[in-house]
Amino acid sequence: MYSSYQLVLAVGMVITGSINTLSVKWADNLKAKGSDGVERTFDHPFFQSLTMFFGEFLCLLFFKLAYRYHVKRQYPIEDSPIVKGNQQFNPFLFFVPAMFDLVATTLMYIGLTMTFASSFQMLRGAVIIFTAIFSKIFVHRQVSVRHWLGIFTIIIGLATVGISDLLSAGSNSKSTNDIILGDSLILFAQIITAAQMVYEEKYVVSNDIPPLQAVGWEGLFGFLMMGSLLVPFYYINVGPPLATNNSRGVIEDFPEAITQIMNNKWILVALIGNIISIAYFNFSGISVAKEISATTRMVLDSVRTFFIWTFSLAVGWQTFNPLQPVGFLLLLIGMCIYNNLLKAVPRRLRTVVHYPTDEPIIGGEP
C-alpha cells in the first residue's frame, strides 16, 4: 500500500510530465510578431532549453529553503524524504552530466519543432537501449537474454512509430524531411542521455545526494552554460532548419524570443508552465524511483506518454494513425520485458546475474 506522500508524487509526476512536453509543443505552435514585425511561430529551442534548466535550478532553491527550515526547527534531517542524504560532495560533480543534459535537451527541443509531441515522447524510450549498452561497457553490468529481448521489442516499437510518422507527414502539414530529421535528432539525443545516466550512476548515485539537490545543481550549471552560449549563437548565421523562423538567420535570436513573448502572452504562459512543471516533475520522478522503485517510474512515464498522445489528437496537433498505438504498445511491452514486469516471460529468461531492475536516474528531463 502506497503512502499519501507516494501517491502525491506519482500523480504529480504523470500530470507535470505531460505538461512538460505539451507546454513546449504549445509554445512551438504559437505565433507572434518578431523584431522585424513579421509574424512567425515561436521557434526558439535553445531559449526553451534555457527555461528548462531554470526550472531545474528552482529545485536547488527549494532544497536550500527546505533544508534551512528543518535545521531551524530542529527536525531530524534523516526523517525527511525531501532533504535526507549526503551533503559532503563536490558540486562540480554535476558539471559533466549537466553538459550531457544540455546537448540532449536542446537536440530534443529542436526535433520537437519538426515532429509530433507523442512521437517525441515515445522515441525517448530508446534511451533504454543505449543505457544497457553503455552500462555493459562502462559499469560492467551483465545484460541478460531478457534485457536483449526487451531491447529488440523496443527497437521494433521505435521503427513502428517512425513509420507512422512518415505515413502521417502529408496530413499534418509537416514534410517528410522534417519528420525524419526531427525523429533522428530525438533518437540521437537518447545516446547522450544514456551517457548522462551511466555517468550519474557511476559517480553520483553512490554519494546518496538528495534528488532535489542533484537536479538543482545540474540545472544551475546547465543554465549558466546555455546562457553563455546564447551570446555567440546570436552572431552565428545558419540556414534552415535551425533558422527557418528566425528573422536574422542566426542559431538563436534571444532578443527576438523576448519580443515574441511580449507580443503574445500565451507564449509566456506556456514557458512558465514548463518551468514549474519541470521543477516538480524532476523532483517527483527521482523521488518515485527512490521512494517506490525505478520500475514504477517507468510505468508512470508510459502513462504520461498516453496522455500526451490523446491530447495531441484531441487538439488536432496530429491525426490518428493506427500504427502509432501499435508502436506505443510494443514500446510498453519491451519496457515491461526489460524491467521484468511480464510474468508470461519464461523464468529462465527473467534470470539476471548482478543486474538490478531499478536503474537509478538522477538527471533532469524535459
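Cβ atoms here come from the backbone N, Cα and C positions, even for glycine.
TrEMBL annotations:
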type: TRANSMEM; residues: 7-26; note: transmembrane segment
type: TRANSMEM; residues: 46-67; note: transmembrane segment
type: TRANSMEM; residues: 88-110; note: transmembrane segment
type: TRANSMEM; residues: 122-139; note: transmembrane segment
type: TRANSMEM; residues: 148-167; note: transmembrane segment
type: TRANSMEM; residues: 179-199; note: transmembrane segment
type: TRANSMEM; residues: 219-236; note: transmembrane segment
type: TRANSMEM; residues: 266-286; note: transmembrane segment
type: TRANSMEM; residues: 298-317; note: transmembrane segment
type: TRANSMEM; residues: 323-341; note: transmembrane segment
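Touching of the transmembrane segment (88-110) and the transmembrane segment (46-67) is concluded from the presence of at least three CB pairs under 8 A, sequence neighbours closer than 6 excluded.
Listed by sequence, the residues of this chain that lie at least six past the ends of the transmembrane segment (298-317) yet keep a Cβ under 8 A from its Cβ atoms are 10, 13-14, 17-18, 21-22, 25, 29, 116-118, 121-122, 172, 285, 288, 324-325, 328, 331-332, 335, 339, 341.
Put simply, of 46-67, 148-167, 266-286, 323-341, the stretch with the most CB pairs closer than 8 A to the transmembrane segment (7-26) is 266-286.
The stretches the transmembrane segment (148-167) and the transmembrane segment (323-341) are in mutual contact, each linked to the other by at least three Cβ pairs under 8 Å (pairs 6 or more apart in sequence). Across 46-67, 219-236, 323-341, stretch 46-67 shows the highest tally of CB pairs under 8 A with the transmembrane segment (266-286). Packing against the transmembrane segment (219-236) from elsewhere in the chain are residues 46-47, 49-50, 52-60, 94-95, 98-99, 101-102, 105-106, 250-255, 364: each is 6 or more residues past its ends and has a CB under 8 Å from a CB in it.
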